2 protein chains.
Amino acid sequence: MSIAETGEFGLIARIVARLDSGQGALLGPGDDAAVVAAPDGRMVASTDMLVEGRHFRRDWSGAADVGHRAAAANLADIVAMGAQPTALLVGLCVPTDLDVSWAEELAGGLSAEAGLVGASVVGGDMSASATLTVAVTALGDLRGAAPVLRSGAQPGDVVALAGRTGHAAAGYAVLSRGFRTPKAFVEAYRRPQVPYAAGTAAARLGATAMIDVSDGLLQDLGHVATASVVGIDVRREAFTVPEQMRDAASALGVDPYVWVLTGGDDHALVATFPPSVTLPENWRIIGAVHEGTGVTVDRREWQGGMGWDHFR
Amino acid sequence: MSIAETGEFGLIARIVARLDSGQGALLGPGDDAAVVAAPDGRMVASTDMLVEGRHFRRDWSGAADVGHRAAAANLADIVAMGAQPTALLVGLCVPTDLDVSWAEELAGGLSAEAGLVGASVVGGDMSASATLTVAVTALGDLRGAAPVLRSGAQPGDVVALAGRTGHAAAGYAVLSRGFRTPKAFVEAYRRPQVPYAAGTAAARLGATAMIDVSDGLLQDLGHVATASVVGIDVRREAFTVPEQMRDAASALGVDPYVWVLTGGDDHALVATFPPSVTLPENWRIIGAVHEGTGVTVDRREWQGGMGWDHFR
């Protein structure tokens, strides 16, 4: 059945039926606005869009995958502030000939990903459009902690990474060449595995700066370096390229470190910590902060792109 | 200069320069997420999209107009809960050949409209897209009051309206026929005049239900009737059609009451109140709540459409 047949309100009813309710949702979908608990007295909020043809392709990702990814991209921004995600709002622009099941499965993916952190979809909006677009806003609670900004890195701090980089880029690369394997990378591209718990843990450990790696590690560290007015050096040897990734890169004739250092969409977290902090196992030291500007790899300028620009 | 020339980050910098800061913005644009004050401990949140060709046309509205309208549509949802708007987040999908000035003027319009209620744009996202789309999320504070839902209308309540209906529909109608006048209606379509203060006032006066008129008065009252499990009757004589609207309708060969009763986009507020409440002048009684279901006009079924469905 197409969306033109169900109409706006029929579609909304079908989508709402796919959503789970989270404990932060004091009032869920169905009114002019939702009401979300903000026990801290401050609310962390971020918005991020996925546009068909730019951020996803329907022949590469299922609707549930797109839902998972759209939610993950936004939830990662919340945890990168050291906050606990509580709610999502979803704007959905769809072609009128889209099958209703696609929108329902998208909602299921969004709701399931939000459920991983105890959050839920509390509201949204829907419109017809020639371009399938998913606009998500995520809200989160700081639980009494100070937000971890991009601007707090200090010379002498260590730079540490939680989660993976390069996996989604490898998946994107193989899909771009018409392959469907290695499955691990294709799956990583379809549904990022965000180290959600590492974000609030980093805040408690005293992270001085944090960002989620959405556009590429070097580019996102560049935002930290600029905001903190410091230089950051990344050590290439801190990254072990998995054999499967090495093989895939070799088959495609590319340097796997380009994926690892500049690939986006895995939504790892990268943070800076005072050198005295003992980091738990899921935070791996990959570099250091020094006086200066910019991001280097093994103290040299990186030859090649830094990451993704959505307009170039 | 086109957006392809400035790039994503260049454009973001230009847009942020157009934004004013509100007092609820504890941390504005530039980090992974914004931080907004939520002194009430609850946050009201709503999202709404404008899609080019569906919700606006660039030859009918300037960029600043679109910004005003996008903000107004979302802020109206917040005040329709009886809450005070505090912040907007804006997702912007733009064709790469769009002139940068369009995006800058849009940001100016969004910021200026938010400023009318002391709110500000605290964050956003940007992507290239074939379809120009503005996705706005609005946040608001309840200031200790209970949210005014759609579901609280009681038989015996009066139905009252704050703000205008039919003006934007008249503007849309004349623009659709290739006219640019009457200017008052064209301007009403371009920039709705939302009775913001009436929303929180209604909550304090004890409104039992409230909704903003975005899709058409009868249709939006239908949502209240359904949610409250009541019937609502609207009195046609409660509406005085301005002479200029009567003339425009006559020139176009339409019934002006179709505009007034089913036209959207003015973002008036309609609420139900116990009959004992003395309403201030800006709330005009237009009907009554009774036991039953559905919405009638002068106790009869309305002949014609109820309002707007975004997929039909």
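Keep in mind that glycine also has a Cβ here, set from the backbone N, Cα and C atoms.
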Q: Kindly point out which candidate in A:Asp59, A:Asp65, A:Asp77 is recorded by TrEMBL as part of the Mg(2+) 4 site with A:Asp32, A:Ser46.
A: A:Asp77
Q. Cα within 10 Å of A:Asp265 (substrate binding site): which of the binding-site residues A:Asp32, A:Ser46, A:Thr47, A:Asp48, A:Gly124 qualify?
A. none
Q: Have a look at the binding-site residues A:Asp48, A:Asp125, A:Arg150, A:Asp215 and say which one has the shortest Cα distance to A:Asp32 (Mg(2+) 3 binding site).
A: A:Asp125
Q: Could you work out which of the binding-site residues (A:Ser46, A:Ser214) has its C-beta surrounded by the smallest number of other C-beta atoms within 10 A?
A: A:Ser214
Q. C-alpha of A:Ser214 (ATP binding site) to C-alpha of A:His55 (substrate binding site): distance in Å?
A. 12
Q. How many other Cβ atoms are found within 10 Å of the Cβ atom of A:Asp125 (Mg(2+) 1 binding site), counting all protein chains shown?
A. 24
Q) To the nearest whole angstrom, what is the C-alpha distance linking A:Asp48 (Mg(2+) 1 binding site) and A:Asp215 (Mg(2+) 5 binding site)? A) 12
Q) Which residues of the same chain, at least 6 positions away in sequence, have a Cβ lying under 8 Å from the Cβ of A:Asp212 (Mg(2+) 3 binding site)? A) A:Ala76, A:Asp77, A:Val79, A:Ala80, A:Val194, A:Asp220, A:His267, A:Ala268, A:Leu269, A:Val270
**Q.** Cα distance (Å, whole number) from A:His55 (substrate binding site) to A:Asp215 (Mg(2+) 5 binding site)
**A.** 12
